[in-house]
Each structure stands twice: as structure tokens, then as C-alpha cells.
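Taken from Swiss-Prot, the feature N-acetylmethionine applies to 1, supported by similarity to another entry. Marked as phosphoserine by Swiss-Prot: 45, 145. For 93, 122, the entry in Swiss-Prot reads N6-acetyllysine. Summarising the annotation, Swiss-Prot assigns Zn(2+) 1 binding site to 123, 125. Positions annotated as Zn(2+) 2 binding site by Swiss-Prot: 130. Residues annotated as O-linked glycosylation site in Swiss-Prot, with similarity to another entry given as evidence: 185.
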């Protein structure tokens with residue numbers, strides 16, 4: 001029996017050109033030039049980058065290839081500090097931080113279904129800097145078994161950070177599982193979400 005051995009560089013079908021992350025993490029953000037050819041951005045001097053990108057973009061890249069890069073490389077994808085989702089579970093508390101800066105509390109629905117929290121956001125078409133856009137997302141997270149579901153809370157900060165949190169109960173106590181909606185309250189101050 002023949003076994004094909006691949007170099008670790010090509011773990012995915014298309015190697016470094018195949019996406020290795022979720023695409024919808026930044027809801028409608030812009031695109032930077034280094035997102036089009038990220039593997040070159042660290043190897044080329046900044047003095048030549050601008051002209052190289054202009055040459056490549058102006059030299060007739062097919063529309064399909066351009067679209068592929070737009071879809072696969074969202075802004076800040078490689079920077080873990082800019083990840084729009086942070087889930088923290090320590091000894092006393094379970095917290096989800098989710099960047100939803102394009103949504104208002106009225107656009108968000110947060111529900112607890114058994115051992116899961118479901119966060120859904122949707123806004124109808126509205127005008128922004130680039131034209132008209134509508135956005136929608138749906139996230140589902142498993143709650144730890146010892147989270148007190150009767151004390152769950154959810155708030156949206158002034159800078160668009162949704163914070164879902166619940167205290168953990170000591171082992172042996174009933175955490176109380178049921179289906180219910182969690183209201184999203186609005187805070188006037190920016191989020192204190194961790195940066196890493």
C-alpha cells in the first residue's frame with residue numbers, strides 16, 4: 001500500500017492559500033492591501049510594498065482571484081489581539097466577549113437553550129460609507145455544566161462589545177437548566193474586555 005507523505009507546509013488541500021479560519025468574524029469591515037498577499041507583506045521592504053501591490057493589482061489579476069483573496073483574508077485575521085470573540089472560563093465565572101459594533105441591542109437576541117447560549121444578530125439594510133449593507137450572524141457556545149443559568153447577564157458596551165457572563169456554582173449544587181431569553185442591556189462606557 002502506497003502512503004503519500006506531505007510536507008507540514010501543505011497540511012491543507014491548497015497549502016497556505018487555503019483559509020484556516022472563519023471568514024465572518026469581522027462583520028463588514030474594510031480590506032487592506034496586505035490582506036491580498038499576506039505571505040509577501042513580511043518579506044518585502046515597506047518601501048517596495050506599495051508599488052509591488054499596485055503592479056500586481058494593475059497587471060490583470062483575474063476577478064476570480066481577486067475575489068478569492070477578498071473572501072479569504074479579512075483585516076487583522078492573523079492578530080490574536082483583534083479576535084472579535086473571547087471566551088473565558090475561570091473558577092468563579094464564565095464570560096463571552098463578542099465584538100458586535102455594527103449592531104444595536106434591538107438587533108441582538110441572546111437565548112439559553114439547555115447547555116448552550118445562542119447569540120443572533122441581524123439588522124436590515126442600512127447605509128454606510130460604501131453603500132447599503134445588511135448583516136446577520138449566529139453564534140452558539142456550550143455553557144459549562146456548573147454555570148448558574150438563573151444569574152446570567154448580557155450587556156452591550158458603548159464601543160460595541162457584547163459581554164455575556166454567568167457565575168459558576170459550587171459542585172453538588174443544581175445549576176438549573178432551562179430555556180430562556182437573556183435581555184441585552186446597553187452600557188454607556190467602553191468595554192473592559194481583555195486584549196489577548
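Cβ atoms are placed via backbone N, Cα and C, with glycine included.
On the structure: features taken from Swiss-Prot.
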residue	record	contacts (Cβ under 8 Å, 6+ apart)
93	N6-acetyllysine	165, 166, 167, 168
122	N6-acetyllysine	107, 134, 135, 136, 137
123	Zn(2+) 1 binding site	102, 103, 104, 107, 134, 135, 136
125	Zn(2+) 1 binding site	132, 133, 134
130	Zn(2+) 2 binding site	none
185	O-linked glycosylation site	105, 153, 154, 155, 156
Protein Cβ atoms within 10 Å of residue 145 (phosphoserine), excluding its own: 11
